[in-house]
Amino acid sequence: MTGQERSEEKSECVSLSPMMEAVPAPPESERVCVFGTGDLGRSLGLRLLQAGYGVVFGSRRPHSRSSLLPHGAQVLGHAAAAQSAHLIFIAVQREHYDFLVPLANQLKGKVLVDLSNNLRKNQYPEANAEYLQSLVPGAEVVKGFNTLSAWSLQNGPSDANRQVYICGESVEAKQAVIAVATKLGFSALDQGFLSVARELEDFPLQLFPQWRLPLRISIGLSAAFFFYLLIRYVIYAYVTQGEDISFRIMVSLANQVCPIVSLIMLSLCYLPGVLASFLQLYRGTKYRRFPNWLDRWMLCRKQLGLLSLGFAFLHVLYTLIIPIRSIRENRTTMFDTTTAWHDDSYLSLGILGFGLYVLLGITSLPSVINALSWREFSFVQSKLGHLTLLLCTAHTYLYGWNRFLSSSTYKWYTPPGYMLCLVLPSVVLLLKLLLITPCVDRTITRIRQGWERGADQRNPKDSQPLIP
């Protein structure tokens with residue numbers, strides 16, 4: 001044996017602190033190994049230590065890495081670390097998997113948990129976990145923990161990142177990984193065989209998958225109403241009166257677009273639930289799937305509501321910077337009680353509606369949702385949600401006041417933007433009013449409790465009372 005080989009063998013026994021040599025090593029069943037001393041590997045090691053596991057880090061340079069690792073962990077060379085535990089976490093990138101090939105004998109029969117991700121989809125012909133299995137055929141490779149960040153591992157699971165997806169060929173290996181994930185406070189979901197690894201590796205690369213449709217709707221509505229109002233106000237004033245009011249585009253025009261888009265998107269948030277109720281009422285059963293377009297629409301209601309709240313916030317901010325009070329103070333007209341009632345009612349409904357808007361946004365936070373019962377959450381999101389829609393719709397109706405019948409309102413024979421945005425919320429409220437009538441509500445409640453129309457005729461014996 002050469003002097004260099006002896007020095008490498010000695011380096012494999014370096015520990016994080018001098019006191020570690022006096023501490024008895026935990027049994028192999030409670031000891032895990034982590035290959036990789038980067039942010040992800042260190043965070044995972046810290047979390048494992050906090051959960052009571054003995055942690056051994058495998059590193060190319062154990063001496064230089066010892067000061068960076070969590071207190072209480074051992075750091076050894078790769079070969080010694082691989083022999084010290086049955087479960088090994090591979091927290092390195094695919095480009096550095098080559099060091100595992102010489103360790104094939106030490107890794108035989110071990111469980112390797114691949115935590116790697118790629119920079120883009122379809123970066124390699126096969127999944128990283130499948131590539132790792134080909135390099136070390138004697139080991140049992142499990143894909144998992146790749147959807148967690150170093151921050152979430154270090155600070156513990158939260159509502160937004162509690163789930164851990166795993167896949168692999170060996171049932172025993174997956175059960176071992178699930179046991180570790182459960183002890184760390186995560187909820188492990190078995191996704192099947194290792195062929196699913198590519199889907200798990202693509203999952204962190206998704207960019208706002210649930211937000212795409214709501215964002216497209218909000219951008220489309222904003223652009224459509226912006227150009228519509230631009231034509232009705234700015235271009236109309238320039239063509240008919242020769243007046244340049246283009247300066248109103250930045251604040252006044254934007255302040256008209258934001259509430260219009262906000263009210264329409266709030267209506268779109270509650271319209272799919274109303275349509276689903278009528279569809280169940282028409283079918284007479286709840287045991288049939290909704291159409292794909294309706295199912296997708298209902299899944300993005302939260303995002304629609306949050307974007308609607310964002311536009312409402314912009315409307316409030318724009319309103320605060322418009323000098324309404326200074327304009328009113330310069331008026332020379334006499335005080336009118338009717339106008340005062342209109343103005344105060346209009347502002348009061350807007351304030352109440354925005355307050356409920358904010359309440360709906362707060363109750364959509366995961367931490368708040370977990371503190372509410374299902375009945376409380378349903379009351380806030382459904383009952384108060386429709387009340388918010390009612391207040392905001394009434395606020396817009398009062399904004400129009402008596403201008404609905406004025407011919408000067410219809411410039412170039414086109415209705416104003418606030419009049420167009422009232423169509424959808426009015427329809428939603430009318431349909432909801434039909435659903436809460438006693439006869440309709442009773443039928444829908446029975447359907448959602450499992451009753452099916454025509455079931456008694458199909459199974460007459462089921463409808464007969466039992467005779468003791």
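Positions of Cβ are set from backbone N, Cα and C atoms, glycine also.
Unlike curated records, TrEMBL annotations are generated automatically.
Taken from TrEMBL as is:
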DOMAIN    31-117  domain 'Pyrroline-5-carboxylate reductase catalytic N-terminal'
TRANSMEM  217-239  transmembrane segment
TRANSMEM  259-282  transmembrane segment
DOMAIN    260-380  domain 'Ferric oxidoreductase'
TRANSMEM  303-326  transmembrane segment
TRANSMEM  346-372  transmembrane segment
TRANSMEM  384-402  transmembrane segment
TRANSMEM  417-440  transmembrane segment
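Mapped onto DSSP helix, strand and coil, the domain 'Pyrroline-5-carboxylate reductase catalytic N-terminal' (31-117) counts 36 helix, 21 strand, 30 coil. Distant neighbours of the transmembrane segment (417-440): 225, 228-229, 232, 256-257, 259-260, 263-264, 266-268, 270-271, 274, 277-278, 281, 386, 389-390, 392-393, 396-397, 399-400, 404, 409; these residues of the same chain sit at least 6 beyond its ends, with a Cβ under 8 Å from one of its Cβ atoms. Taken residue by residue, the domain 'Ferric oxidoreductase' (260-380) breaks down under DSSP into 98 helix, 0 strand, 23 coil. Within the model, the domain 'Pyrroline-5-carboxylate reductase catalytic N-terminal' (31-117) shows a mean pLDDT value of 90, rounded to a whole number.
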